Amino acid sequence: MRRKVASAFFCLVFAAVLLTGCGSENVVVSNQNQDEAKVNMTFFGNKNEPENVTVIEEIITDFMKENPDVRLSYESLKGAEYFTALEKRMAAGKGDDVIMVNHDTALALSQKGQLADLSQLNSIDSFTDSMLSQMEENGKIYWVPTTVSAFGLYCNEDLLKEHGQKIPDNLKEWESVCQYFKDKGITPIVANNDISIKTLAIGEGFGSLYHEGRQREVFAKINNGEEAISKYLRSGFSLAKRFIDQGYIDAQKALTTEKTSDDLEEFVTGKYPFMLTGGWAAGRVKAMEPKFAFEVVSYPVRSDGTVLVINADTRLSVNEDSPNKDEALKFVEYFTQKDSIQKFADNQSSFSPLKGGSPSSTEEIQPLVDAYQSGWNVIGSDSLLELPIWELTAEATEKLLSGESVDAIMEWLDNQQGSVK
Amino acid sequence: MSSGLWTRKALAAILIAGLLCFVTAVYVKEVKGQLWQESIDTITESTQQGSNALELLLSKDFESLDAVGSYLGKTASDDSKRLERILSSQAGESISLYLPSGICIPEEASDTTVVDAVKQLEPADGVLDPHISSVSGVNVLDMYKKVTFSDGKSGYLVKEYEVESIADRFSLSFYNNSGFSYIVDRNGEVLIRSPHPNSNKTVKNLFDMLPKDENDPTAVAQFQKALQQTENGWALFQYNQEPTVFCYVPLGHTTDWYLISIIPEAVISEQSDNILMQTMVLMAAVIVGILVLMLFYLWQGRKTNRKLQSQANYISHLYNSIPEGIAVVTVEAPHRFIQLNREGLRMLNYPPDAEGEAAKGRLLSEVIHADDLEETERIFREAANGQLKQTFENRVLRDDGSYFWSSGIVENTMDENGEPVLVATFHDVTMEKLAEEEEEREQLLERRTLLSAVASAYPIIISVNISQDKIDILYFEHGLKVNLGEPKSYTDLYEVFMPIIEPEAREEYEKRFSLKALKETLGKKKNEVFLEARAMLMDGQLHWISVQIIHVENPYSGDQMAILLSRRVDEQKYEEEQSRRVLRSALENAKAANEAKSQFLSNMSHDIRTPMNAIVGMTAIAKAHLDDRARIKDCLKKIDLSSTHLLNLINDVLDMSKIESGKLVLREEPFNLAEMIVDTVGLVLPQANSNDLEINVKLTPMKNERVVGDLLRIRQVCLNIFSNAVKYTPAGGKITIEMEQVSSKRKGYGTYLLRCEDTGIGMTEEFQKKLFTPFERMQGSTVSRISGTGLGMAITKNIVDLMNGHIDVKSESGKGSLFTVTLPLKLEEAQQEKVPKIWLGARTLIIDDDQQACEAAVEILTDMGILAEYVDNGRDALEKIAAAQQSKEPYQLVLVDWKMPDMDGAETSEKIRAIVGPEVPIIFLTAYDWSEIEQEVKARGVTGFLSKPFYRSNLCYLLNELDEREDGEDTFIYKTEKFSGKRVLLVEDNPLNMEIARELIKEAGLRIEEALNGQEAVDKFRASSAGYYDLILMDIQMPIMDGYEATEHIRSIELERPDAKRVPIVAMTANAFAEDAQEALRSGMNDHISKPVDIRILNDTLKKWLL
């Protein structure tokens, strides 16, 4: 027994000595540099608020997990700066692999042949028909939308309640409430220098076109110069002008109010009953002041109802000249997967451009959801219109806020239409 | 082991484990801290190196800018072309010169941001924060260096870097890409971000990465402050839902930038955790190992302890339970007890609960018997000296003072402490000792007993060794009257006997007893040599002596051993002679008995033939004289006599046979003993009369006449005795029969004494002895003339014996005999017959010359309540009667003896009648058959008859009869016509018997139907209507179906025949024994009549069942 125990003990000691490597002291070990990424890609976008980029961050991270050979870095610039930088980069041949575009840049870049055709992406078929109608251009697709943004009228429920006012359902009611607050010495509407006025003008101007289904026809006429754009936008800008003149909008202030940033800060002060801006900012507004009660409704610009202005938004394109075009396409495809889109659209308080996409879970924009599903929808920057309408109306807004007359602005617009031609 | 010790051990183990755990925890904490610090240091180090690398790059470019600047400095600021040339030749791409005028050389590279910045720049060199180039739209950063031109004006040389390219070069990664780094400014704005997979690719400001709700704002503020103050260090914040380390290192003097490394804490900890985990595992393994070892040790210890304990218990149990005393004793003298086991203590009589130490210190010498002490001490001394095991046997003193024998072994050994001790095991051998002594005694006794037993028969007992011709005289008594001298050898002894043996036997003596002969024969051919011979002994006479030599088994040697026995056998010889004689006489007796039997058979033949001869002869004579009525009557009478004799003979023989075979069964029935005696005397009376014998019957008044017993057998006894007396008394002789009741000690029993004395031929004394043996008859001329079976007295004796009685005979040949029979009989509980009231107090006169008889009668009558007087002659009687007739109390009853001297009974009666008139009954007393004189005396005034002797019953009977007569009833008259109309089924297979029966029954006026066997009887009964048969007379032994079976069948015809149970069935059979009668009753019959049929019995029976 003892002998057995002793022999077992020595066996164990011997094994331990072998395992701990009592033999040699000199070792050479070569490590494979496995983690070296083969592809370094950049993604340039205009989403840069921390709240807005978290989902982009997630998507990029997940994509990189799925594609360990790829490293993708995201760079963002805010607002107009972005498009300037984008243009310069693209012009300088230093364009990023994946970029965010809008109607106008896409139009410009695609015309220069700088955008890759995305029609072969697997995710293309998932888009709704209305989106596809926007995306397709001569059988090619240069951009894909990741959200459908809606523009809405933010209503300060507490304030309205306090003053015994209610959320307006048509233009008359809206003007009446505005007048009420104007009389109380409160500027009723917070507006920014970009989307507030132009979406209001577009919504009012194109509302009946879309409602009647004449937009393709009319836009074709505008495109070939048969009809002037002013014919359709005059009423919208006139409405804006009236609001400014009535003192419902402080034009001076709006001129320096950056969209979905300064305007939000103003609105959450609770001093204003209304704000005109993107519905996607609802989440941000809520995050800024969780106790602030508000609701976002479609624009009550018709005498008998409202108009919802939407846009195929956060459009992604791939740089045709990208050395990593395949990976870039892969990323866009990844981004436009149903899960990613849903996550992103929800985060943006927007709607999914995909078929069967669930509406945003943000409670405050539920009226927009209802309107989107059933009402008068106007596409803010319809790609059928071969005009940089988004940019033109922005400039027109600036002019309006600067005090130019509607006639002058209309003339300028028609000139711009002509010059584009 | 006690539980406390286990508890302490367990506690110690737990304490050690706890301590180990504590030490491990401390160690872990310490190591963790150290590892953490090391990791942080490593990260800081890496970050620092990253920062250094960037700084190094910038410094190089600064140097090159310096070089270019020095060229440019020699040129005037307004010499654009020269400046442009120098730039294009000296400076590389992306280096531009910004002049104070706002002009940029080359012009196309003019970045508005830089232009604006240059206007405000203070330091001579530095880095501009990344911004979007207004030229390319790309994110760039710029390094600038002040250049002073020859004209004294200054401008800035600016080198532009695309941030992306720098980021690529300064991408730091840690811990297998888990960590990453940023370059941020003091406000946390991300300036350069590495394209690291785990890095945040979107957030603009470092602090935006820290969720406000997950991180302490104070800590965040502290972090911000630290960055503002250009400190380096690390911070721990929640990022991506996990604690993350932010390690910050400022980049150096040219910038206010920081290189920040961001690594999840888990990643840093993972390594240390792994190490710690391994350490913990190791420690745990060590602790577990220790615990396992400890448990193993404890288990092993416990097991060993248990084993030791059970061994100890086992040994202790063995030590105490083996039936051997074990004493542990000191080696040194004086030896003392150290310990005694339980058995030892028990043997020494210590109390049962004494411990092993009880005897400790006690000296061995105290307990050893003084006689054995020395030897015992010697043995113990030897054992102490190591001389192997020593056995001892000694007496040991018990506590109660008695001794017992012990036997055992002592040896030197070591105790549990290794000290030498003596261990003595011993056991009580007292019983064996005693048994041994007893055996020795018994052997001695046996030997002595044997010797004396043999010696009592043999005065000389000598042990002989034949092989060695040696002898050993074991016993010698002079009674043999032989002078043995002093023989040395067997041969000497042989020689001593030789001369005294009678000469005729010497040859045989030599042949058998010479040493040579013995050697050849003894133990080989024979086991014994024997001789009986006459020898001349010392008294000078010839005596029979026997000499025998018996071979003795010798298990010890091959020597031929033997025992010589010799004695005188004169007496035996004599007894032998005697017994031979007895045998001879027995033989003769047997022969005689045989002869007696032959004689008996011959007698029987004769005895049977004689009456048969009479019957046959008389029948022939009667046939020959059919017309002679008187002759035929005579013949029939003789035939009757002979057949009666023959019947008796047969009965006797059968009785005897039955007695001898033990089959005789006594019945118990009530009867009147006195009546029985008188009746029985009546049976022999005719013969006595014919032989001219006088019979006197004296019945002493008995207290109990009615007894219970076997009437038949008692009558048989009496009849035998009486008829013998009649038989063996010559004419003119006298026979006296007496009966009396003597007192009995047994309650409910009476003892009755019957004496019968005659003046007959008597018996010789010799014959008296054989009187009661069967087949004996008095021989002699007189006797041979007398017929008899010779069985009578034997039967009598046997019956009396069976009844626990006694029979005795006194006789003298020629002078008569006296038989005395004593019988104990059960008394009948029934009351004595009652005397009719009318006779109570009636005055009665008895006239008899026999004074004794008169006194007895008076006594009985007085006892019955009747006034009785007597006179011994007729003349006095007449006087008395006449006198009484005149008085107020005349005699109401007169009893007159027939035979009286002077005036006989008839005459007296006639005269009395004349005096008393017709009313007073005059009863004629007679011991004789009165039939012949009946008519005559009745005519002379006698009313009735009373047989002598008197006894209560017959007197009662008489009185009752007289009473009834006075009542005018006559029940005595047997009216046969009463049977008329009754129907009897007679079942009989034998035609002759059938005829006899038919005739006899016909006499009674019955109608008879016949059946030839049981079956027929059953059929007839079954066929008949209910109540058709009034009686069935059933033979027993019949073919087809016997009487018993037939009866059972009839009785079982039950359902349809209610009379089947009731109809009287009477056995009429030659199966005449008492048990036959009982068997008949058992089978369902009502009564039993034996054949030959006695007509009177038959009539009684018919009357009993039919009337």
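For all residues, glycine too, the Cβ spot is worked out from N, Cα and C.
TrEMBL annotations: computationally assigned, not manually curated.
Look at TrEMBL and you will find B:275-299 tagged as transmembrane segment. Away from its own ends, the transmembrane segment (B:275-299) comes close to residues 6, 9, 13, 16-17, 20-21, 24, 27-28, 31-32, 35 of its chain (Cβ-Cβ under 8 Å, at least six residues beyond either end).
Averaged over the domain 'PAC' (B:390-441), the predicted model reaches a pLDDT of 86. Taken from TrEMBL, the feature domain 'PAC' covers B:390-441.
Feature annotation from TrEMBL assigns coiled coil to B:427-454.
TrEMBL lists B:603-827 with the feature domain 'Histidine kinase'.
If you look up TrEMBL, you'll see B:843-963 (among others) marked as domain 'Response regulatory'.
A simple way to gauge crowding: the CB of B:Asp897 (4-aspartylphosphate) has 26 other CB atoms within 10 angstroms, across all the protein chains here. The secondary structure of B:Asp897 (4-aspartylphosphate), as reduced to three states from DSSP, is extended strand. Residues or ranges marked as 4-aspartylphosphate by TrEMBL: B:Asp897 (among others).
As annotated by TrEMBL, domain 'Response regulatory' applies to B:983-1106 (among others).
The feature 4-aspartylphosphate is assigned by TrEMBL to B:Asp1035 (among others). In three-state terms derived from DSSP, B:Asp1035 (4-aspartylphosphate) belongs to neither a helical nor a strand segment and is classed as coil. For B:Asp1035 (4-aspartylphosphate), other Cβ atoms within 10 Å of its Cβ number 27.
With a threshold of 8 Å between CB atoms, the same-chain residues lying at least 6 positions outside the coiled coil (B:427-454) that come near it are 323-325, 343, 347, 393, 404-408, 461, 474-475, 565.
Distance noted between the C-alpha atoms of B:Asp897 (4-aspartylphosphate) and B:Asp1035 (4-aspartylphosphate) is 47 Å. Broken down by DSSP into helix, strand and coil, the domain 'Response regulatory' (B:843-963) contains 57 helix, 24 strand, 40 coil.
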